[in-house]
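See below for the structure under consideration.
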Amino acid sequence: MQVRVLNGPNLGRLGVREPDKYGTATYAQLVATCHAAAGELGVDVAVRQTDAEHEMLGWIHAAADDGAAVVLNPAAWTHTSVALRDACAMLTAPLVEVHLTNVHAREPFRQHSYISPVAAAVIAGCGIDGYALALRWLAGHAGR
Ligand code: DQA
């Protein structure tokens, strides 16, 4: 199965970005974790990050056209973007929303997600392991 792992704004700064909240694992380590999990699971994965919302929308449109599943960390767009939610609503394969931190234990504005109502599953608070968990669930979910 094809899975796109898509990361939103500021996630390219992992490792130096507020390490007390997001940990010291770098974005390169996040990418390596996804490739390792996908290799074990026999999943065809592409991992990307952008700070540009129009680029993310294009990637979601392409996943919809290709019938690819998506693991999405929408980062701050989680809490702000109706456009991203509308794009995600067009996906035909499952979408898993992932957050490194437990957004429900943080500021009130992080406790609302525009994306969760159109996601099949949500993983929050497991750090970069959440991506491997998402890929494992998608690999088991395929064909159900
Ligand atoms: C995040 C949580 C968001 O609230 C925040 O804006 C991020 C990262 C997370 O992975 O915990 O950029 O999505």
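Easy rule for this one: first residue shown is 1, then count along the chain.
Cβ coordinates come from backbone N, Cα and C, glycine included.
Keep in mind it's a predicted model, so treat the numbers as computed, not measured.
Listed features, source TrEMBL:
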type	residues	note
ACT_SITE	Tyr22	active site, proton acceptor
ACT_SITE	His99	active site, proton donor
BINDING	Asn73, His79, Asp86, Leu100, Thr101, Arg110	substrate binding site
SITE	Arg17	site 'Transition state stabilizer'
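Close to Thr101 (substrate binding site) in the fold, though at least 6 residues off in sequence, lie Lys21, Tyr22, Ala124, Gly125, each with a CB less than 8 Å from its CB. Ligand 1 lies within reach of Thr101 from the recorded positions Tyr22, Asp86, Thr101, judged by a C-beta closer than 6 angstroms to any of its atoms. The Cβ of His99 (active site, proton donor) lies under 8 Å from the Cβ of Asn73, Thr78, Val122, Ile123, Ala124, Gly125, Gly130, each on the same chain and at least six residues away in sequence. In the three-state DSSP scheme, His99 (active site, proton donor) is classed as strand.
Neighbours of Asp86 (substrate binding site), defined as other CB atoms within 10 A of its CB across all chains, total 13. Here the CA atom of Leu100 (substrate binding site) lies 12 Å from the CA atom of Arg17 (site 'Transition state stabilizer'). In the three-state DSSP assignment, the secondary structure recorded for Asn73 (substrate binding site) is strand. Overall, the recorded substrate-binding residues Asn73, His79, Asp86, Leu100, Thr101, Arg110 cover a maximum inter-Cα distance of 24 Å.
Long-range C-beta contacts of His79 (substrate binding site), restricted to its own chain and to partners at least six residues apart, with a cutoff below 8 Å, comprise Phe109, Arg110, His112, Ser113, Tyr114. Non-local contacts of Leu100 (substrate binding site) by the CB criterion (under 8 A, 6+ apart in sequence, same chain) comprise Leu14, Tyr22, Gly23, Asn73, Gly125, Cys126, Gly127, Ile128, Gly130.
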